[in-house]
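Annotation source TrEMBL lists domain 'ABC transmembrane type-1' at B:83-283. Look at TrEMBL and you will find B:21-43, B:87-107, B:119-138, B:150-170, B:191-213, B:266-285 tagged as transmembrane segment.
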Amino acid sequence: MASIQLGTRKEKATRLIRKATFRERVVKDFKRNKYVYAMLLPVVAYFLIFHYGPMYGVQIAFKNYDVTKGFLGSPWVGFEHFVEFFKSYYFWRLIRNTLLLSLYSLIFVFPAPIIFALLLNEIRNMKFKRLTQTITYLPHFISLVVVVGILVDFLSPQGLINQILSVFGVDVTNYLQEAGWFRTIFISSEVWQTVGWGSIIYLAAITNVNPQLYEAAKIDGAGRFRQIIHVTIPGILPTITILFILQLGSLMTVGYQKIILLYNPLTYETADVISTYIYRKGILDASYSYSAAIGLFDAVINFGILVLANRISKKVGETSLW
Amino acid sequence: MVRKKKKNHIRSGLGDMTFNTINVLIMIVLMLVTLYPFLYVLFSSFSDAGLLSQHRGILWKPLGFSLEAYKAVFDNPMVLIGYANTIFYVVVGTVINLALTILGAYALSRRQLMWKKPIMLGIVFTMFFSGGLVPRYLLVHDLGLLDTRWSLILPTAISVFNLIVMRTSFQAIPVSLEESARIDGANDFTILFRIVLPLSLPVIAVMTLFYGVSHWNSYFDAMIFLRDRDLFPLQLVLRTILITNDTSSMTVGSLGGDTYRISETIKYAVIIVATVPILFLYPFLQKYFVKGVMIGSLKE
């Protein structure tokens with residue numbers, strides 16, 4: 001009995017000491033860093049308001065949001081909006097379009113800068129190499145509106161593409177009005193925009209590959225091509241993996257800012273993706289709760305894929321984001 | 001034996017040469033494909049509208065020479081207002097971006113800061129998960145920012161990627177510099193302004209360009225947050241002219257009936273006018289942007 005009492009008192013005492021030390025640490029830390037915390041204040045406030053604010057606001061996905069009643073006053077409806085979306089006529093079309101554009105991006109847009117970096121690395125003339133870089137980085141700095149503006153002009157019935165193709169006897173086509181052409185236009189212009197700029201990170205990774213590995217490969221009789229396959233690519237694989245995981249994390253959100261500029265009702269059949277649908281429903285039609293529900297569905301899937309891909313990569317290749 | 005080796009050497013030399021030639025050819029084609037659309041737009045913008053409308057196919061120089069289109073662009077009030085607005089968004093927006101990013105990066109680069117890890121985690125999390133478009137729109141609405149200039153500045157006040165880049169760069173500054181200042185009684189503000197910032201001018205240049213270009217090029221926030229045409233940035237005016245093909249905005253107060261005749265060349269001139277500032281900055285942009293991507297790609 002006595003020993004038990006003794007024990008609890010001892011525990012209490014240590015707990016008190018621990019508590020005190022924690023509080024002391026906080027106070028000491030705050031005293032030492034008071035100016036640092038003053039600096040952090042506007043930064044933390046920004047993230048709380050403009051990033052965590054919308055996360056708090058996402059509750060309207062489970063409510064019938066009414067502007068006059070506000071976030072808290074609007075009545076709960078549970079998963080009604082999610083069910084409505086899953087049952088909607090557009091659901092499968094949106095999923096199909098989103099996943100297909102993402103898949104084509106993974107197949108064509110993602111590897112393009114890798115291949116470009118590998119080829120560029122083989123250019124021995126430094127001046128020529130720098131010229132190539134200067135020119136191919138350029139599209140990255142051009143605004144989306146200008147890129148799409150040029151596309152619209154070139155692909156119009158009177159545009160440059162039709163003018164050139166008519167020489168070869170190809171019939172005039174209004175490419176941007178035909179659903180069948182949308183994916184090709186979107187993906188190829190995406191390659192055009194990103195191939196140069198995307199290569200920077202891989203070029204940096206290539207310079208970090210141990211030069212002795214190339215020497216060893218040469219002694220083993222490997223030519224340039226084999227050196228690329230057996231030394232360079234394995235050397236930059238961690239970088240490729242990281243960027244691939246990040247890309248997977250936005251599988252459900254393809255570049256909607258570009259699609260909104262590029263599509264029209266005639267091409268919705270192939271061009272309308274989840275994010276563009278959210279934009280039309282939420283901003284243009286003001287169906288706030290319904291579109292917030294779709295947005296949440298989208299964000300949760302994206303985050304889930306990211307976490308999953310990261311975990312798999314950690315197990316298989318020991319490369320991961322966190 | 002010796003002969004065989006020689007042969008082998010010649011063959012690999014030949015293989016090398018074919019590889020190099022094909023590689024250089026690929027690069028040249030890529031450069032042409034990248035550059036030509038801009039050249040076509042440039043040539044067309046200086047062309048005579050009548051000649052251009054009759055021309056088919058590729059252009060290698062302007063057809064005739066005319067500044068009519070540029071005159072129409074600079075006579076257009078919407079373009080001028082858009083230009084002025086964009087300059088405002090770029091300047092004010094970038095100053096706020098820089099101030100907040102510098103404060104955040106300095107604070108989070110301190111070694112002895114108890115709450116650093118949870119705060120950092122909370123910030124990085126926003127890179128991978130967000131409340132979505134509609135809650136963001138409603139927030140801006142509820143804050144009373146809708147249809148104000150602040151709606152293009154405050155919601156994008158800090159980019160997490162840029163914050164991380166700047167923090168990484170601040171962390172690389174030797175601690176010893178700061179310690180001796182602290183012994184002399186300097187506080188964190190003094191250290192930031194007297195020691196860290198003067199040593200970080202390159203990364204500040206990178207950030208200025210990162211933020212500046214993104215303000216110059218963005219259109220989406222303006223499209224959803226602004227109704228008042230007097231607040232429209234240039235990109236939104238461009239969208240009206242180039243993509244939604246709303247020529248009414250072009251004819252307001254400009255050449256009237258003449259505008260229709262030169263409407264094609266006007267489009268090209270508008271593209272050039274909107275892109276020239278970026279092209280002027282391009283040599284700096286390229287140098288510093290590459291540096292920024294390099295810092296950003298370093299794993300801690």
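Even glycines carry a Cβ here, placed using N, Cα and C.
Ranked by the number of CB pairs under 8 Å to the transmembrane segment (B:266-285), the listed stretches B:21-43, B:87-107, B:119-138, B:150-170 are led by B:21-43. In terms of C-beta pairs under 8 Å, the stretch of B:21-43, B:87-107, B:119-138, B:191-213 lying closest in packing to the transmembrane segment (B:150-170) is B:87-107. Same-chain residues lying 6+ beyond the ends of the transmembrane segment (B:191-213) with a Cβ under 8 Å from its Cβ atoms: 90, 93-94, 97-98, 101-102, 106, 159, 162, 165-166, 169-170, 173, 177-178, 181-182, 278, 281, 284-285, 288-289, 291-292, 295.
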